[in-house]
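Chemist: The following block contains the structure, expressed as structure tokens.
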Amino acid sequence: MDWLQQLINGISLGSIYALIALGYTMVYGIIKLINFAHGDVFMVGAFIGFYAIKGWGLSFLPALIISMAFCAVFGVLIERIAYKRLRNATRIAALITAIGMSLLIEYGMIYIRGAQPEAYPADVLPNKAINFLGVHINSQSLFILLTSIILMIILQFIVQRTKMGKAMRAVSLDMDAARLMGISVDKTISFTFAIGSALAGAAGVVFGVYYTKIEPLMGVIPGLKAFVAAVLGGIGSIPGAMVGGIFLGVIESIVSAAGFSLWRDAAAFVILILILIFRPSGIFGKNTREKV
Amino acid sequence: MKKKFSKVFMVSALAAGILAGCGTGNQSASGGGGNSDAFKLGVNMELSGNVASYGESMTKGIEMAVAEINKAGGVEGKKIEVIKNDNKSEAAEATNGIIKLTSQDKVNAVIGAATSGNTVAQAQIANDTKTVLIAPGGTSPTVTVDEKGKVREFVFRTSFIDPFQGTVAANFASNNLKVKDAAIFSDSSSDYAKGLSDAFKKTFEKAGGKIVAEESYVGKDTDFRATLTRIKAKNPSFIFIPGYYEEVGLIVKQARELGITAPLMGADGWDSPKLVDLAGADALNNTYLINHYSTEDPDQKVQDFVKAFKDKNNGDAPNAFNALGYDTVYFLADAIKRAGSTDSVKIQQELAKTKDLSLVTGVLSIDKNHHPIKSATVLEYKDGKQVFNSKINP
Amino acid sequence: MKKSKSFWAFLILAAVVYVVVQFFIGSGLINIYYSNLLITIAINIILAVSLHLVIGITGQFSIGHAGFLAVGAYISAIATMKLELPFILAVVIGGVIAALAGLIVGIPTLRLRGDYLAIATLGFAEIIRIALFNIDYVGGAAGMQVSHLTTWTVTFVCLVITILVITNFTNSRHGRACIAVRENEIAADAMGINTTFYKVLAFAIGSFFAGIAGGLFSHNFYIIQPGNFGFLKSFDILIFVVLGGLGSLTGSVISAILLTVISAFLAQYPETRMIIYSLVLVIVMLYRPQGLMGTREVTDLFKWKPAKGGN
């Protein structure tokens, strides 16, 4: 039953990647920016959740909501301060700004509270090992999977069924045409950042509860991995980000389970490169051909 | 077009020239500055980058010790002035840092760095400029001995060396716990963990034990379940986990969740109050660690240190990095006192002669390779508390 | 005629700069701190200029340059420490192997465009780094100790050669082909330019000089560890190029100098170092998104005479 155990390990990890990847993919879809600061919003979310739980003694759900709300505002602030001016600049200038923002958030956090890690309290969610077919399933990992799925359903609903979601899709398809149609592009972009950042904040809290350890540089690697996941799934595609995240988590588990844990990150990148070369638009992406 | 590029050449060359000019200008301005009455102590630490939390912890310990010594009148009538340099957790920056500290700030001694690699990057400069360099955390034997086996005269350390801790752990496993088969789960991105696991393997196999699984993780990982599941399948009766508390806390937690009940053991990298928060008190039962000292030790020196540290840091208990940083300053101050001078050659000679110096992290003597000889303490976690198990002399 | 004249002018100027600096070092006016800083700056300029060829001239968005730096650093370190070859030869070997690595990485990935290429190069650089972690021959995580062999003279010569080669390349018909690829790849293709060839060529040359910088780097800092060549290092190099102005060689030289000096200066303020550094980055990008120099060269500022016909 080892493989089942490994599969569950992978899906739990992957659902966190998926939550972060959603923010990446939405922001990229709408303004074609690789928002490197996204991983750090995830970190901020984890800390907000931590202070809400430990400082104010809140339980999981209120902490999750506070963290999401804070991150939404934070994400919009980042967009308004740093990215808005650069909307018509070269993509690379925007990318460098994103790297700068990422460093600023990381080291701002270290300046405020130091670099040492913090541990989430263990009793936020019931932590019981459920024995199922000889496999230890942690009740927390079920909670986390559930949280991720609910959030993704809500997101899918917002994007597909609401007016704002329609505006988002329109702006990502053609910004100028959307503006001509009377859509407020600025508002829509801010809204996209708010949603993406809120999801990153949620991922931060979920990560904290599941993995316990949070620290100011925790966003770097998951941020990068989530980006890989977003590309795997087809950047710009919401179901793609979910599938890409879970796929990446499972691949990592399989590679570790096969005894190549040191090559795990390399495996993720090898798959990334293979996908880029043979199917550059990712699993779910639309293949667009550049025209003259 | 062609003309344009010729100018490009000139200007880029000029830029380099101008900069060189600026350089000399600055030097005369800053070289003579500073307080000559103070004993200047350079601290070249990982204050940003990957292992910033270790560097920061050590610096905290260093600053605390310096404040105490200054309050008591300083060394040889001079106050100690700390000059910090951030090496960004990069070897190149560590080299640049010690060059700056020795040639610009003209420090009398340097403390750094938290990891072996970044200390090795400074060792040669320290030797060339005859500046004493003490590493609170450089645990690899290569820190004080170069690749040709020659001792680096001016380089010292306060921590154990890797082979020693690995050997202690192996002996403890085979003699005290009487286990015959063990697994190693080591941090492949850290030379510290690598040194420890090599030594453990050698000693454990020599004692007739068998290593049934050898797995690794990469520092900053958070999910170890996949590899732990693999280890569990081999059913080892003991798991050695050399690594730092940040990852170990999660490993212990996840191992227990997966139903691994075997005793786990690690070394001084484990020591931090955060470990209990990360792993949870229950999960830590039946785990052991090697450490320099125990915070529960009734010894006056230890208790004073723990109390003073808690007062300064909102009640947080010190970790091994804090204690090592703290002791490094006292190690240096003791040598200065015996030398009766702040001349670095004299300090170096006295540091090498250090014998039975009583510090928070144990009684310290320096051997001919500038490795510290101190006894190690094996501690056991019981309900989140470190409990003294046994003392092992080198 | 004109070309050779400017060529010699540059060489004479470089020689003068070298003699002056060497005189300062020899006479003790520049202490070891500044001479080391000069070496660091020179290495960073080589890195910036080599990436400038890839991003600025050919328009290929590579964010994995540290991977080639790592290849050069490790190969040259193996050459001197294990095979006991002379230092200069080792640096050249490092460059050649890095160029080969550039070919291997470039041929499959350069079919990609824009952000996809960026991510693929980042992925390759990470694979190189992870591979180094897992090779015990070069010490794995513990790294490899390297003798200190880099001198100001060698570094400066490498710097001059790098700038010469890259400017001459940019100036040649091959360089113009690269610029055509940058400006509009489809149009360049239609004009009969073998776009893939030029992209790979620029990439390999860029990697070669990154490898050279790697050789100088490893022999200047006593120890090399795979952790030093992560994607943050790639970003550092990228920042040199973008902050200076994409397509401006002098821009990347100036920003490499400025940022290296700023970073060295800030090392004594560890608490705020990275905050100031990142703020500088964000503010420059917000107010000058085209970089300090835009696409112009410093020399353009000194153009007191309008360009003559036939130039």
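Placed from the backbone N, Cα and C atoms, the Cβ positions cover glycine too.
The annotation transmembrane segment is assigned in TrEMBL to C:7-26, C:32-55, C:62-81, C:87-110, C:117-137, C:149-169, C:200-217, C:237-267, C:274-290.
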Chemist: Hey, does the transmembrane segment (C:237-267) touch the transmembrane segment (C:87-110), meaning at least 3 C-beta pairs closer than 8 angstroms, sequence gap 6 or more?
Modeler: no
Chemist: Do any residues, 6 or more residues outside the transmembrane segment (C:149-169), come within under 8 Å Cβ-to-Cβ of it, and if so which ones?
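Modeler: Sequence-remote neighbours of the transmembrane segment (C:149-169) are 7, 10-11, 14, 17-18, 21-22, 25, 35, 38-39, 42-43, 45-46, 49-50, 52-53, 80, 87-88, 91, 175, 205, 209, 212-213, 216-217, 219-220, 249, 253.
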Chemist: For the transmembrane segment (C:7-26), give me same-chain residues lying six or more residues beyond its boundaries with a C-beta closer than 8 angstroms to one of its C-beta atoms, as numbers and ranges.
Modeler: 35, 38, 152-153, 156, 160, 164
Chemist: Do the transmembrane segment (C:32-55) and the transmembrane segment (C:237-267) come together with 3 or more C-beta pairs under 8 Å, pairs six or more apart in sequence?
Modeler: yes
Chemist: Report, as numbers and ranges, which residues of the same chain sit near the transmembrane segment (C:62-81): CB under 8 Å and 6 or more residues beyond its ends.
Modeler: 47, 50-51, 54-55, 87, 89-91, 93-95, 97-98, 101-102, 105, 117-119, 121-129, 132, 137-138, 144-147, 149, 203, 206-207, 210-215, 217-219, 224, 226, 228-231, 233-238
Chemist: By Cβ distance under 8 Å, which residues at least 6 away from the ends of the transmembrane segment (C:274-290) in the same chain are close to it?
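Modeler: Here the qualifying positions are 239, 242-243, 245-246, 262-263, 266.
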